[in-house]
There are 2 protein chains.
Amino acid sequence: MSKLTDVPKRILIGRALRSDKLGETLLPKRIALPVFASDPLSSVAYAPGEVLLVLSVAGVSAYTFSPWIAVAVVVLMFTVVASYRQNVHAYPSGGGDYEVATTNLGPRAGLTVASALLVDYVLTVAVSISSGIENLGSAIPFVVEHKTLCAVAVIVLLTLMNLRGVRESGKLFAIPTYVFVAGVFIMIAWGAIRGLVMGDTMKAPTADLTIHAEQGGLAGFALVFLLLRAFSSGCAALTGVEAISNGVPAFRKPKSKNAATTLALMGGLAVTMFCGIIALAMATNVHMAESPAKDLLRNGTPVGAGFTQDPVISQVAAAVFGSGSFLFVVLAAATALVLFLAANTAYNGFPLLGSILAQDRYLPRQLHTRGDRLAFSNGIVLLAGAAAVLTYIYGADSTRLIQLYIVGVFVSFTLSQIGMVRHWNRHLLTEKDPAKRRRMQSSRAINAFGATFTGLVLAVVLLTKFTHGAWVALLGMVIFFVTMTAIRRHYDRVSDEIAADDTPDDDVVRPSRVHSLVLVSKVHKPTLRALNYAKLMRSDTLEAVSVDVDQADTRALREEWERRGIEVPLKVLASPYREITRPIIDHVKSLRRQSPRDAVSVYIPEYVVGHWYEHLLHNQSALRLKGRLLFTPGVMVTSVPWQLDSSEAAKKRARKRAEWNAPGAVRRGPVAAQPKKDKTTQKDRAAQKDKQEKTPATER
Amino acid sequence: MSKLTDVPKRILIGRALRSDKLGETLLPKRIALPVFASDPLSSVAYAPGEVLLVLSVAGVSAYTFSPWIAVAVVVLMFTVVASYRQNVHAYPSGGGDYEVATTNLGPRAGLTVASALLVDYVLTVAVSISSGIENLGSAIPFVVEHKTLCAVAVIVLLTLMNLRGVRESGKLFAIPTYVFVAGVFIMIAWGAIRGLVMGDTMKAPTADLTIHAEQGGLAGFALVFLLLRAFSSGCAALTGVEAISNGVPAFRKPKSKNAATTLALMGGLAVTMFCGIIALAMATNVHMAESPAKDLLRNGTPVGAGFTQDPVISQVAAAVFGSGSFLFVVLAAATALVLFLAANTAYNGFPLLGSILAQDRYLPRQLHTRGDRLAFSNGIVLLAGAAAVLTYIYGADSTRLIQLYIVGVFVSFTLSQIGMVRHWNRHLLTEKDPAKRRRMQSSRAINAFGATFTGLVLAVVLLTKFTHGAWVALLGMVIFFVTMTAIRRHYDRVSDEIAADDTPDDDVVRPSRVHSLVLVSKVHKPTLRALNYAKLMRSDTLEAVSVDVDQADTRALREEWERRGIEVPLKVLASPYREITRPIIDHVKSLRRQSPRDAVSVYIPEYVVGHWYEHLLHNQSALRLKGRLLFTPGVMVTSVPWQLDSSEAAKKRARKRAEWNAPGAVRRGPVAAQPKKDKTTQKDRAAQKDKQEKTPATER
């Protein structure tokens, strides 16, 4: 299956083309940057504002601390980027924080990280879309007037797009991201020129307002606490940094190096934009308050509930470019778009993480297929549902949602960095080469610093935000953790239960003979097919069984049976209550009692239909019977399908589904990147190919 | 299965006792009367009031027409009773109106009757419960203040009772019905004594109110129309009369004669009660209005929305016994209870009719099992849902609901009577005995008169009530009719499609050899069992197939395979996308291409679990694979079950379900009443019995 030279196979299998295509779309850095960085870069759209909001509690004078907070965020950003550059080199497989934590700290730590990430994905959607709506609202008032509705509508739209399997393309990400980055940089540059060179006074829309300090004149511990809280809010700028470490396989070679460079680039851009926006906000006198309606004053009176507090980035843009100007609108649109793209990354990440967790049996096993439609659908619906509920509850207010946000990120940062320290410790035990040892030691130092710093931030976030909403995120993590632990425990218990003994002659699993029964209601094609198939199997005894639900029907069946001279004996079971299931179960049980060492094989003709409502009309008795038969030991149940004409419709749908592409494939890199060997022998394959060329592809 | 002398069988099968029990519970007339008559007798609780309500439109002076309307209702009642006595004699099988119409007028007429009856059952629940709540409310004000809530609560309660399969007992019906009948007769007698003998003036609670005539001074056509409308409303007293004709098999012998006598008894009681209540209402000066809030006046001013217009029966009881007196409360409670029992009859009738319709393939076939739990559950939930919606929409207002009610009843009366006329015509063609011919001719005359009269009433009802709500009932009938026609057409089409040709050597259904595949993921007990079973089947080729989703797992599988020396060859399919379904489908298709005349048999080990949530954790891949495999021609799929320990829980539940009794069994009569013969030969049975006595009953 690795080489696709033969045309019939290409036509038959088709999807293998995907593998080719993916191979072609390995990401160059200039595309990888927007693909992976839309999440962290977009967070500069709300992080600076959050800092000012918190500071405003102590009055506008506290704004003077904002540069210091910006510096702290920048230092943290560099730390995290430096740390993750180590991850990228050490784990080029793209396993991400879950892999790092599981490998180095054990499954419980891994599961904690996974729970944190799952919660985080939900919040990425809720926060990014809410913030996107707010940015869009600065240009289109209607949107902000119907905030919750619009936010939920965008969630629904993204959900539908992802359920349909719209292919993510690098270029699609590149344009708005670059427009956004360019826009912000132009704004910073133009603002600097206007302010410093031309000496213009730029005034934000809220420049003339004053802030009513909720807690004026804070000092000492209270002030420190407030500053820490402002810093925690600023840390929202760091969300999504870890995305690149999950995506290493998608990079062009040398993968790790390119990924590390992209990471550095992304960090540089993010901090520049973050600091630039904060500086411009100070220069243009942006005033923001946590409760704008009562704490923002115009000429001494509160602005009231009708006032919409636009995001910092749009206020700054209004000051620099002029409100409603072309560049202002472009930047607002690009900001909203980048934020929606950031939300979209969660739609890719959540089901993917789910499939990895399923592989480790923390989630239902059938979800572990990579790129499987069902797995993706389930994950997407769960994600969208949770995000929509949160968005609805919090009224699409990004400020309130952000209180929940950063907990998960920093849990995962911290555990991942601790894991990396352990990783280096382990490698240092065996590594002899002094040059390599030195490099490892410095990596370890970086990761240790990262772990300490992010751990501290986590503590600060928990301390300052617990009552503001962080508890909700923690609760979510606990729920995920407990559920996944329970699922894993169930699988382990079942696995013990079904483990094969080493004595192969297990009495339970070795019947000696087979009695076959074919269920018959009428003599029609499905029945005849089932009879023929059953005959092919050459079991020890074979009889046709019918239940006498209606006397006239039974008589007709007997006559038809004799008329056709069907040589299989027909047994009719009495059913005084017109039941079908029970007489058959009783008959099977009596067969089993007669010869307990034998197995009973029941053939059920089954209709294959094309529409869901036809399921209501067919096979229901068969399904129920099968359900009951399976509880009887020593019984196997064979469905002999009869494809009704209408089943063609379902076949067509299935074929369409087969062409479905898992969203987010581009950021995961091609499958071929994994080491793989074809398991069918060379000879097998040649033989098969031979046959295929001779046999026309009549099926499908 | 007919004789239950052997103890082991009795223990094993158990339920056969039911048949015995039913045999003992054949109904004597004194029990049959309350069982079947709760519906028609209970309607005297609301029918008289409806007559007065309509007349009040023309002012209180129109009340003088009420005796004439009562006479018309009495004549109609006698006609219908006389007609149905003919049905009972001609169709002792209890098929009811659907059978009569189908046999004599063809399937379209039968389906019309069935649709009418289904709608009617829904309305029986809605009307009876709403009226019951109103009667209860005359004694307990809270109930009437939360009318809709209480009515829906009663619907939910009845639904749960019926879903759980509470056995209907004749005695349970007898007590409240006889208390109700006795109460009404005592009331009539005591009222007559007080009024005529003692000369007391009895005053109903509304005696001092006056009625504002919406359309005072009606005359000519308008008055006739109003009288006809009042008569239509009074016809509500006839609902449920047909119930006995469905229940003939439940009577003691001579069945038809006893049923006919009970019918006459019921008619006599109903008309006496109906007339007595109307007479008392006139004597005690009951005043009722369609819109009491504005049309009932106290000292010239409307009573307003706070006023509760109690049902006629309770107003009369208040006048005769005194409001709040012991007998008043007993009668109110008995009335409510009888009305709830009347609603309960619909819970039995609806699913039963559904199962008859399913037998005729107008409804999904799996519902045709008599007394089957699933069929009953579906029917009950559908009935309760529709009734609850109607009750909610109409605010549990029995007066508004009654506008919808009688259409269905009279459609079914009329078609059934026309059918009976045809029935006699047909029999008269062949009958020679002059005595019998005379009897048939007189029966025909009665039925012809019944058909004409009920047909006229139907026309009147449609004419006078169409805009008042009868259109809703008609719409419901059309929906049922169209749906059932579509289902029947689907079944017929499929039946044509699968009809066996007369050339038995059909190429399509005659494969020559079988390739067997056993799906393997790991070597554990379920896999080993599947392998052993597959080996038993001696197919032409047998191979184990595994999909390489995870390399390490696959390697472990190969090693275990060799270590155990399993002689079945193991084939590993590559799966670059970690899919399970597609590689197997492709492999099966390639086998089919290699030898198109052969069949492929796929064995899938399947887990049998005990809780619904475990289904989410197991078998999902297997089920999806199976779903896809069945679309591939020439494939059969065998489930080899492995019962997990937890499956015991489900087994216990199943055993409990097996002891479930279909509600309403008592009114349908025992199954033994149908002619039946045991289909297994005498020899077979003896052999089986022999075995059973030797083999201890280890299973179950």
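Numbering starts at 1 and runs along the chain as displayed.
Placed from the backbone N, Cα and C atoms, the Cβ positions cover glycine too.
Straight from TrEMBL, the features:
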- A:65-84: transmembrane segment (TRANSMEM)
- A:111-133: transmembrane segment (TRANSMEM)
- A:139-160: transmembrane segment (TRANSMEM)
- A:172-193: transmembrane segment (TRANSMEM)
- A:218-241: transmembrane segment (TRANSMEM)
- A:262-283: transmembrane segment (TRANSMEM)
- A:326-353: transmembrane segment (TRANSMEM)
- A:374-395: transmembrane segment (TRANSMEM)
- A:401-424: transmembrane segment (TRANSMEM)
- A:445-463: transmembrane segment (TRANSMEM)
- A:469-487: transmembrane segment (TRANSMEM)
- A:651-700: region 'Disordered' (REGION)
- A:675-700: compositional bias 'Basic and acidic residues' (COMPBIAS)
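Between the transmembrane segment (A:65-84) and the transmembrane segment (A:262-283) there are 3 or more Cβ pairs closer than 8 Å, counting only residues 6 or more apart in sequence, so the two stretches are in contact. If you look at the transmembrane segment (A:172-193), the same-chain residues 6 or more away from its ends with a CB under 8 A from one of its CBs are 30-31, 33-35, 37-38, 41-42, 44, 202, 269, 272-273, 276-277, 279-280, 283-284, 313, 316-317, 319-321, 327, 330-331, 334-335, 337-338, 341. Three or more CB pairs closer than 8 A are found between the transmembrane segment (A:401-424) and the transmembrane segment (A:445-463), so contact between the two stretches is assigned (pairs 6 or more residues apart). The stretches the transmembrane segment (A:469-487) and the transmembrane segment (A:262-283) are not in mutual contact, being linked by fewer than three Cβ pairs under 8 Å (pairs 6 or more apart in sequence).
Counting same-chain residues at least six beyond the ends of the transmembrane segment (A:218-241), those with a Cβ under 8 angstroms from any Cβ of the stretch are 37-40, 42-44, 46-48, 50-51, 53-55, 57-58, 62, 65-66, 68-70, 72-73, 76-77, 80-81, 84, 120, 124, 127, 263, 266-267, 270, 274, 342, 345, 402, 405-406, 409-410, 413, 457, 460-461, 463-465. Residues 39, 42, 45-46, 96-98, 101-102, 143-144, 147, 150-151, 154-155, 158, 236, 239-240, 311, 335-337, 339-340, 342-343, 345-347, 349-350, 353-354, 357, 362, 383-384, 386-387, 390-391, 394, 396-398, 401-402, 404-405, 407-409, 411-412, 415-416, 473, 476-478, 480-481, 484-485 of the same chain, all 6+ positions outside the transmembrane segment (A:111-133), place their C-beta atoms under 8 angstroms from a C-beta of that stretch. Long-range neighbours of the transmembrane segment (A:445-463) within the same chain, counting only residues 6 or more positions beyond its ends whose Cβ lies under 8 Å from a Cβ of the stretch, are 76, 79-80, 82-83, 85-86, 228, 231-232, 235, 406-407, 410-411, 413-414, 417-418, 420-421, 424, 470.
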